[in-house]
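Data first, discussion second: the structure below is written as structure tokens.
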Amino acid sequence: PKMKEENCLHAALICLGMLYYSHAITTEKLNHARPSLHSHHEKGKEGQVLHRSKRGWVWNQFFVIEEYTGPDPVLVGRLHSDIDSGDGNIKYILSGEGAGIIFVIDDKSGNIHATKTLDREERAQYTLTAQAVDRNTNRPLEPPSEFIVKVQDINDNPPEFLHENYHANVPERSNVGTSVIQVTASDADDPTYGNSAKLVYSILEGQPYFSVEAQTGIIRTALPNMDREAKEEYHVVIQAKDMGGHMGGLSGTTKVTITLTDVNDNPPKFPQSVYQMSVSEAAVPGEEVGRVKAKDPDIGENGLVAYSIIDGDGMDMFEITTDYETQEGVVKLKKLLDFETKKSYSLKVEAANVHIDPKFISNGPFKDTVTVKISVEDADEPPVFLKPSYIFEVQENAASGTVVGKVHAKDPDAANSAIRYSIDRHTDLERYFIINAEDGNIKTIKALDREEIAWHNISVFAVEVHKQHQEAKVPVAIKVVDVNDNAPKFAAAYEAFVCENARSNQQFITISADDKDDSANGPRFIFSLPPEIIHNPNFTLRDNRDNTASVLVRREGFSRQKQDLYLLPIVISDGGLPPMSSTNTLTIRVCGCDSNGSLLSCNAEAYILNAGLSTGALIAILACIVILLVIVVLFVTLKRQKKEPLIVFEEEDVRENIITYDDEGGGEEDTEAFDIATLQNPDGINGFIPRKDIKPEYQYMPRPGLRPAPNSLDVDDFINTRIQEADNDPTAPPYDSIQIYGYEGRGSVAGSLSSLESATTDSDLDYDYLQNWGPRFKKLADLYGSKDTFDDDS
């Protein structure tokens, strides 16, 4: 409040001083504005007299103080002409900016007054025009003249900053005097007049951490080693004051929020010196064991920490990786553990910053170490085989019970439980082997054949006796060792041809052999002739010693008429121990050849025909045969086309139809088409009477057991038997034919089954037996079996 009163008093004194100064200047100007009717003479350089006209008045600037709030209008100044004698005949006229609104003139005295309060910040000056005219005639007495009224500034505007709030960053631990930010304020007062717009900056809040330059407004750090981890954000208040900062000046303030940015000035530190961890021996590589974390108060990349194992007896068993999301070191298992071998491990883990600032290297080292102790927990482990896999050998054809090999597993736990063995039967479906459950000996159950299966791949299980869920599995490969038990044979079904005109010692075929046994018991093959035909007069054999042999002609003059086929036995022996041999027969045909040895014909019949018939005759015979075949085919085709179906079935017409046949048989008396003697005589069923409408290619013997008894009344069985015989009869034609049975009509033992004739004949037969003939005779049974019932009803 005291400062405010002093400012008001100071402003009042300034206003009074300005009013006094303005009045004095105005009076002086008006007093000097005297018109002169005579000329002023001056002498030139060469004595010439110069004449200069003197104006009636001389204008200068007028001044009026701003923000005047007095009761009366402010006197700006007075206009007066030298020709004004004071009789009131001169009239003063004022025009221009603000004339008549802001500025008014007394047309008699020439006094100018300001009627409104002026603000220099809105308008600094006004341009007006003054003129003296005759009051009666309005004739100008003086030429018009312009003058300026300037608004005199007072300190009525406080400084204002460009922003109400500023935000700035500066690295922590910056040196004293480090520039942070520059703030700028402006003052609306006239900077050319007095100190109303002369600003001075000062800091009101934020000391002793920051300072501000009084003339520029630059904020700088004032304390060394400011630590972000101790305090990150500061609030600073800056003041700008006019009047050069002296008493009575106006001021404005702004707030500046300054944040310390992080630098890597803190090394990582473990919160404890030892970490205790444990892991089961059953853990698999890659499984997490535990985590460690070094704390670094820095943030961002300055707080990144990488972990590594630098020492310890578990460097080969464990590894550590960095989880950059949580900044933790993850200890993982690298290899399988064994509680019975080693029960604990020790690691020395180091945590180091990834990014190090060279400015703060003296604060280092930027790393820390910790000891990690890992204890191995015992786990109930399954049995372990001494080998990851086994390979055994056994000879083929070995006797049942032959020992193949032995597998061995043990319990790695301290209990060392007993082990039982078994074979996975999914790998030994044929059950070639058996294993002793106690000692793991594998034996054969039956003889093995290498040529059938050369390798047997089985799996053997090992389980603890008292803990059946603890199981181990090992692959066992059994090789069947070859034994020379297969004799060599021809590699193919050879058939040789020798020319009738072959020369002696001429080779006409090369043969080779094949052996199912292994190469050790197979080649080299030895070819020879049997001892009894070693001196064969027709052919001889030569072993080429490359597992092949050549057959040669021993003599000349072969003839197809005498003998067209020769069988040559050849003995083939292999190189096994003991050797195996077999005798193979080579078929050799005698053929006719030309002079170059090319085959012409190997048939003896063709040779005979060629001797009696010429080529033209043979061609004629063949042409005739072809013509006859064509005629037969045409005849059969036409005959089939003439056949028409006996019954025409109309689609979806289920009504009974009367079919008229053009070809009518004579019943049992008609014996022209078929021989029905067998049907008329029931005893004829024991023999077979061939069909007369076709020529059978071979005798058909009916199958026994298919014919019913002669006096059987089971007509259904009889018909089914006939159908089967007709279906299986190879002599039957491939078209439908009429079958006439002797068990129907007059004179038949079975009587007539026709419903057409029975309807007009009185008969005392009982047809109830039709109910027993099956569903096929149900219709007849309904028609005839219900006769008595119908009579009774009537």
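In case you wondered, yes, glycine gets a Cβ from its N, Cα and C as well.
Source: prediction; values computed, not measured.
Per TrEMBL, these features apply:
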type     : residues : note
DOMAIN   : 81-161   : domain 'Cadherin'
DOMAIN   : 162-270  : domain 'Cadherin'
DOMAIN   : 271-385  : domain 'Cadherin'
DOMAIN   : 386-490  : domain 'Cadherin'
DOMAIN   : 490-607  : domain 'Cadherin'
SIGNAL   : 1-24     : signal peptide
TRANSMEM : 617-638  : transmembrane segment
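Taking H, G and I as helix, E and B as strand and the rest as coil, DSSP gives the domain 'Cadherin' (81-161) the counts 0 helix, 36 strand, 45 coil. Residues belonging to the domain 'Cadherin' (490-607) score a mean pLDDT of 85 in the model. The DSSP breakdown of the domain 'Cadherin' (490-607) into helical (H, G, I), extended (E, B) and coil residues amounts to 10 helix, 53 strand, 55 coil.
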